[in-house]
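In what follows, a structure is listed as C-alpha cells, so that the remarks can point back to it.
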Amino acid sequence: MTSDDTVWPGAGRSIETLAALSPGQAEAVLALLDEAARVDGQPAVSEQGRLQLRGGEREGVRHLLLSAGDTLVGYAQLEDTDPVEAPAAELVVHPAHRGRGHGRALGTALLAATGKRLRAWAHGGHSAARHLAQVLGLTLFRELRQMRRPLAGLDLAEPKLPDGVTVRAFVPGQDDAAWLAVNAAAFAHHPEQGSLTQRDLDDRKAEPWFDPAGFFLAERDGELIGFHWTKVHAQEGIGEVYVLGVRPGAQGGGLGKALTTIGLRHLEAQGLPTAMLYVDADNKAAVSVYERLGFATHETDLMYRTES
C-alpha cells in the first residue's frame, strides 16, 4: 500500500489518497458501499470499481478515503486510464453521515487531483448526486440506461446464425486471448469496455457469478467473430446481457441479434424472471433493437464532466 498524501479539508475531516488499499481498508470500503446500496437501492460504485478495491496497485487508479476522526465516512475512486477523456470518478458518502459537506469535500479533492478535468458518475441519477454535480460545476453529458424485460413467456424466434457460423461456450484459459482481442476491436469506440486486460478478465473469472456455460462465442472457420457473455444476479433473480460484441467486418449479418436471442434463451432456462442490460441513451439503433425485443428503461445512470 502506498499513500500519496493526506489533506485536512476542515470540519474534522481528513482525506487520504492511496494507490492501493490494504485488505482491512478494502473491507471497510466494501461495508460502506453495501450500506449505501441498501439505503439507496442502487450501487454507488460499478462492478469494475469494486473489483479494483482488491489486488494491490492498478495503473491509473487512486482511492480517496474520507474520515471523520477514526470513522470512514466517504470513499471515491479515480481512474485515469483513458488517453483522451478526463479521469473518471465514482464517490459515495455513508448514509449516516450525509448532509455534512463530505460529498463536496470529496468532489473538491477529486477536482484538485485532476487539475479540474473530471468525469463523475451519478448511478441512478439521485437528486443529491445531481445537486452535488451542479455545486462542483459539472454538466451532464452521458446517460446510461438500464433496460429490463420479463423472461416469463419469452417468445423469441429460433436464432438464425449467418452462414458458416457456429456457437459454443467459452473455455477459460483457452479462449482468453482471442476474446480480449475481439472485445478490444468491437469496443474500440468504448474505452471502458474495450480496454479490458487479462487481469480484468481474470478478476471476473474469479467472481462467484462467473459461469462459462453462459458465455457464448461465435466462430467462423475457427476464428472468433462475436460473443454474448451473460451474468446471473442470483440474489436479485435477474439475468444480464453482460457484454455483447461482434468483430468489425462481421457486423450487419444478423449475428448480434442471434447472439442476443441465444443468451436470453439461456437466461430463461435458468428460471430467472427478469433480464437486464445497459446501453447508452444516445445509441439510438441499439435502444431501438432492445425495445423491439421487449426491453424498457428501468433506471438511468448519469455521467457529468467539467467543461474544459
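The first residue you see is number 1, and the count goes up from there.
For all residues, glycine too, the Cβ spot is worked out from N, Cα and C.
If you check Swiss-Prot, you get these features:
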DOMAIN    16-152  domain 'N-acetyltransferase 1'
BINDING   LEU91, VAL92, VAL93  acetyl-CoA 1 binding site
DOMAIN    165-308  domain 'N-acetyltransferase 2'
BINDING   LEU244, GLY245, VAL246, GLN251, GLY252, GLY253, GLY254, LEU255, GLY256, LYS257  acetyl-CoA 2 binding site
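Here the features listed in Swiss-Prot are painted onto the structure.
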residue : record                    : Cβ neighbours (10 Å)
LEU91   : acetyl-CoA 1 binding site : 24
VAL92   : acetyl-CoA 1 binding site : 28
VAL93   : acetyl-CoA 1 binding site : 25
LEU244  : acetyl-CoA 2 binding site : 20
VAL246  : acetyl-CoA 2 binding site : 22
GLY252  : acetyl-CoA 2 binding site : 9
GLY254  : acetyl-CoA 2 binding site : 14
GLY256  : acetyl-CoA 2 binding site : 20
Point to revise | DSSP state at GLY254 (acetyl-CoA 2 binding site), helix/strand/coil | key: coil
Check your understanding: Which of the binding-site residues LEU91, VAL92, VAL93 has its Cα nearest to the Cα of GLY252 (acetyl-CoA 2 binding site)?
Key -> LEU91
Review point. For the recorded acetyl-CoA 2 site formed by LEU244, GLY245, VAL246, GLN251, GLY252, GLY253, GLY254, LEU255, GLY256, LYS257, which further same-chain residues have Cβ atoms within 8 Å of the site's Cβ center?
Key: GLY226, ALA250, ALA258, LEU259
Check your understanding: Counting each residue once, how many in the domain 'N-acetyltransferase 1' (16-152) are helix, strand and coil under DSSP?
Key -> 50 helix, 42 strand, 45 coil
Revision key, fill the gap. Around the recorded acetyl-CoA 1 site (LEU91, VAL92, VAL93), other residues with Cβ within 8 Å of the Cβ centre, ordered by sequence, are ALA36, ALA44, GLY74, TYR75, ALA76, GLU90, HIS94, HIS102, GLY103, LEU106
Exercise for review: Tell me, roughly as an integer, the mean pLDDT over the domain 'N-acetyltransferase 2' (165-308).
Suggested key: 94
Revision key, fill the gap. Once DSSP output is merged into helix, strand and coil, VAL246 (acetyl-CoA 2 binding site) belongs to strand
Review point. Roughly how wide, in whole Å, is the group LEU244, GLY245, VAL246, GLN251, GLY252, GLY253, GLY254, LEU255, GLY256, LYS257 that binds acetyl-CoA 2, by largest Cα to Cα distance?
Key: 15
Study note, to complete from the structure: Here the binding-site residues are LEU244, VAL246, GLY254, GLY256, and the Cα closest to that of LEU91 (acetyl-CoA 1 binding site) is found at LEU244
Check your understanding: With DSSP helix as H/G/I and strand as E/B, how many residues of the domain 'N-acetyltransferase 2' (165-308) fall in helix, strand and coil?
Key -> 50 helix, 48 strand, 46 coil
Review point. Measuring Cα to Cα, how many angstrom lie between VAL92 (acetyl-CoA 1 binding site) and GLY256 (acetyl-CoA 2 binding site)?
Key: 36
Study note, to complete from the structure: Cα-Cα, GLY256 (acetyl-CoA 2 binding site) versus VAL93 (acetyl-CoA 1 binding site), nearest Å, comes out at 40
**Study point:** Minimum Cα separation from VAL93 (acetyl-CoA 1 binding site), reported as the residue among binding-site residues LEU244, VAL246, GLY254 that achieves it
**Key:** LEU244
